[in-house]
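A short worksheet on the structure shown next.
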Ligand code: GLU
């Protein structure tokens, strides 16, 4: 049996939506007899101290994990090796497009929404040399042989989504998220990916990339996000939405856990209590709407 995981970006504190996703990933992994691993995705958007606070908050709500926490910033060799393999197989090309050029070209009336239109795919050696000489920083893209790919998701069933010539290495030299996540999941023996359903549309790209690298495609479960009262994805600005915010208002970690458990249709005040009841197949499929101003009042008692 493999592992599940939670892979936060250390850009700030986790809010209740992130904590709920982490809780679900932990419940799915532990309940199916898997290990549970934590990976800090710190290739960009790092706020000093955020990773430590995230780990502390996960511990405070009763989650635990196996093995030392992995940080993407310490794993560049793994990403380089994967990129080299793809390049040696003729599956990459340099892209000199600016963000703006891509946006303009991608809004052309053909091709999937937001997909890279392939501007630099067939540049001649001369054209490539000219752009390099102009000092344009080159990103490295995948030379994709497909325009879509199918995955199976625990909640969404069979899902087919766009695959374009995705970026493998950014213009600033950093490995791209889609590459890093695929390499890391395989390296860490992760065969179960539970994460927010905002990432569902990226999943066919990742599964295709895994296939090209000869890596196993994990089982996926993309879980509904938490929404604010206006129906948008919950964000820090929506009020007292982090664990720290809630504790500062006088709530206990047990009350926060009971709120999260309640949002999943269970009554429990600790993660340990919740896991005894949790049934992955009974997961609520609708987004959970949260009104931070009413949290204390609506928190179900033990
Ligand atoms: N680091 C990503 C995020 O915080 C999650 C990536 C993943 O779970 O695959 O949004």
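Every residue number used here counts from 1 along the chain in the order it is shown.
Every residue gets a Cβ built from N, Cα and C, even glycine.
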Study note, to complete from the structure: Listed by TrEMBL with 5, 6, 7, 8, 9, 41, 177 as binding L-glutamate, from among 30, 160, 195, is 195
Exercise for review: Out of 228-232, 233-237, 238-242, 243-247, let me know the one TrEMBL marks motif ''KMSKS' region'.
Suggested key: 233-237
Practice item. Round to the nearest Å and give the CA-to-CA distance linking residue 8 (L-glutamate binding site) with residue 236 (ATP binding site). Key: 15
Check your understanding: Can you list the residues of the same chain, besides 5, 6, 7, 8, 9, 41, 177, 195, whose Cβ falls within 8 Å of the L-glutamate site's Cβ centroid?
Key -> 39, 40, 181
Point to revise | Neighbour tally for residue 236 (ATP binding site), based on other Cβ positions within 10 Å of its Cβ | key: 13
**Study point:** Largest inter-residue Cα distance among 5, 6, 7, 8, 9, 41, 177, 195 [record-listed L-glutamate binders, Å]
**Key:** 16
Practice item. Please state whether DSSP places residue 6 (L-glutamate binding site) in a helix, a strand or coil. Key: strand
**Study point:** Distant-in-sequence Cβ neighbours of residue 6 (L-glutamate binding site), under 8 Å, six or more positions away
**Key:** 21, 22, 25, 26, 36, 37, 38, 39, 58, 63, 65
